[in-house]
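K.L.:
Just passing along the structure, written as structure tokens.
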Amino acid sequence: MLKIFPLKQTFVYGNHPLISFLRSISLSSQSQTPTLTPSSAASSSSSSSFPSDSSLRDALLKSRTPNEALKLFNSSLRKLNPINHLAPFSAIIHVLINAKLYKHARCLMKDLIDKLLNTLKPHRVCYALFKALNSLESPKFNPNVFGTLIIAFSEMGLVEEASWVYHKIGILPAVPVCNAFLNGLVKKGMFESMWQFHTDMLSRGMVSNFVTYGVLIDGCCGQCDVLKARSLFDEMVEKGIEPTVVIYTILIRGLCNESQMTEAENMFKLMRDSGVLPNVYTYSALIDGYCKMADIKRALNLYQDMLRNLLPNVVIFGCLINGLCKVGELRSARNFFVYMAKFGVVPNIYLYNCLIDSHCKAGNLSEATGLCSEMTKFEITPDVYTYSILIKGLCSEGRVKEADDLLQKMNKEGVCANAVTYNSLIDGYCKAGYMEKALNVCSQMTKKGVEPNVITFSSLIDGHCKAGNVETAISLYLEMIIKSLVPDVVAYTALIDGHCKDGKMKEALRLHKEMLEAGLTPNVFTISCLIDGLCKDGKISDAIGLFLEKTDKTNGGFCSPNHVMYTSIIQALCNDGRIFKASKFFSDMRFDGLRPDVITYVVMLQGHFQARHMPDVMMLHADMIKMGIMPNAVTNEVLASGYQENRYLKSAFRCFEDLKRNQALDVVLSQENL
């Protein structure tokens, strides 16, 4: 319920948009139907005399026809300050309602509300308008003005004000008014209020029609309650109310949004069987649903089915192009993009952004920039999303200088960068190790009024940790806490990794505990950092315990082991002389489908050499070659030294020869590069 405050007379009047609205009304020339002539307004507005508020109101109400009243109102409009002269506005609205010109009355009301909102708060506007409309003492007073006011507020998203008027009038408005109010609540996402008001309306005698059911079904879909939506649909049919194409489409879209494609197809079939023809929006709902499920084949079949009776619009092409891009069919997406011209469909910024984003993710930056140039050629101005996509794409390829130049171009063209734009560039500089430049971009960001968020801080913390500036990273972390920003998994993982590399395992484990208490689930990189840190700190048993706890999915584990985990544990066990335990982990690594890399093989070879297990060394050496991992300078040096120390001189000689050949080849290649 609204709280009513006394009005303040602070309105500053300027050129009123109602003038252009009233002049634009075109009505027939019948005696009872109003028409407006701009000339009358011009002649009257130049008059030196101006009637008082009450006399103008009375003159409007005494007009013989709506046309005469509108001429008089139009001629006086330039001198009317709505705040101080609401009575004439109230009078002309009553005149329009009495003439059943509801649409024009509603448009006038909305323009008047919009103007009043420049000076007054919504609840004050509501009170002032209601008071003005209600205070008219004339036989021409029409209570339907309040229904029109409810519709106007609802359509403008001012549902609290519409609610106040609904309760204030004390009677049930007409069904179209109730439907408009309920729809306003749905559009604002106020679903609980929608059900409360619907129950109240029913208790006061409202009889729901197909529009009411459509609004309620839309509300159910907005709440992701398609079961209730279907129940309402069935209830409607049982009452003998025939569903329209709009209602079918709302329900089909709701089912598609919940990925219930079988049920959506059944509803589509029921729709056709009932003799209701699907429209382009019905098809777009189904096509979009299948594209989101990556079922492009079915989406294309529906598109072909649609072409038998309907022409595609930009929404249909948007669904198909976006769907094709997501499954990597960029050529097909481009073909559809070109094919749009056949149907006279003009591409929009959304479609260009979709294609540019897909090419950037595929690493086709030249194609992406080409599309951006094509946009400008067709006078489609790149927006913040276009630039953000390109900046992120350039940064992902390490081309941060070009990305920075693009940001400066944005600024020159007056396109305001958002947090996503700045964060992409900051992350790019952090990953490239240019921390000073990353901080400069952060300063630009704050100067432009864009507040750094969790992603900004996470990128900076990660960058500083990787650069070995753990103290700076901690300062940023503390700044986040002061700003009431909750660190995310990326920030915690970066800090944990930084402390692990510094050998501060106590602090790393404390951060891990804090992370868990904050309700965050560590990812595979977090666990990898901790296991590697524990191994290097000599706490092998703790590392193995953590490994088993987090990777054993039968006992609550959540992540799959990776190379870093296995290699860290294998190396620690080998250094500790526990080669048999290390061999067990090496076998488990292969069993988990992970292919050991050259580092893992080198670690195992060194362990076997140290334990003087020469048969195992030879088997491992052969296995490495069999796996397609050819010995490099590092492996040859390890093998040569190991064989020599264990007096396998022939094998050592061969490895030394291989090492010399590799070194000679490296020299030749380096000279060629020079």
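Keep in mind that glycine also has a Cβ here, set from the backbone N, Cα and C atoms.
These came from TrEMBL, pasted as-is:
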type	residues	note
REPEAT	174-208	repeat 'PPR'
REPEAT	209-243	repeat 'PPR'
REPEAT	244-278	repeat 'PPR'
REPEAT	279-309	repeat 'PPR'
REPEAT	313-347	repeat 'PPR'
REPEAT	348-382	repeat 'PPR'
REPEAT	383-417	repeat 'PPR'
REPEAT	418-452	repeat 'PPR'
REPEAT	453-487	repeat 'PPR'
REPEAT	488-522	repeat 'PPR'
REPEAT	562-596	repeat 'PPR'
REPEAT	597-631	repeat 'PPR'
K.L.:
Same chain, outside the repeat 'PPR' (174-208) by at least 6, Cβ under 8 Å from its Cβ: which residues?
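P.N.:
For the repeat 'PPR' (174-208), the list is 144, 147-148, 150-151, 153-155, 157, 159, 162-163, 166, 215-216, 218-219, 222-223.
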K.L.:
Looking only at residues six or more beyond either end of the repeat 'PPR' (209-243), which have a C-beta under 8 A from one in the stretch?
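P.N.:
Long-range Cβ neighbours of the repeat 'PPR' (209-243): 175-176, 178-179, 182-183, 185-186, 189, 191, 194-195, 198, 250-251, 253-255, 257-258, 260, 263, 271, 274, 276.
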K.L.:
Tell me, what is the mean pLDDT of the repeat 'PPR' (244-278)?
P.N.:
95
K.L.:
Short question: which residues 6 or more past the ends of the repeat 'PPR' (597-631) have a Cβ under 8 Å from it?
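P.N.:
That would be 563, 566-567, 570-571, 573-575, 577, 579, 582-583, 586, 589, 638-639, 642-643, 645-646, 648, 655, 658.
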K.L.:
So which residues does the repeat 'PPR' (418-452) touch in its own chain, when a touch means Cβ under 8 Å and the partner is 6 or more beyond its ends?
P.N.:
384, 387-388, 391-392, 394-396, 398, 400, 403-404, 407, 410, 459-460, 462-464, 466-467, 469
K.L.:
Would you list the DSSP helix, strand and coil counts for the residues of the repeat 'PPR' (174-208)?
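P.N.:
Once the DSSP states are binned, the repeat 'PPR' (174-208) shows 26 helix, 0 strand, 9 coil.
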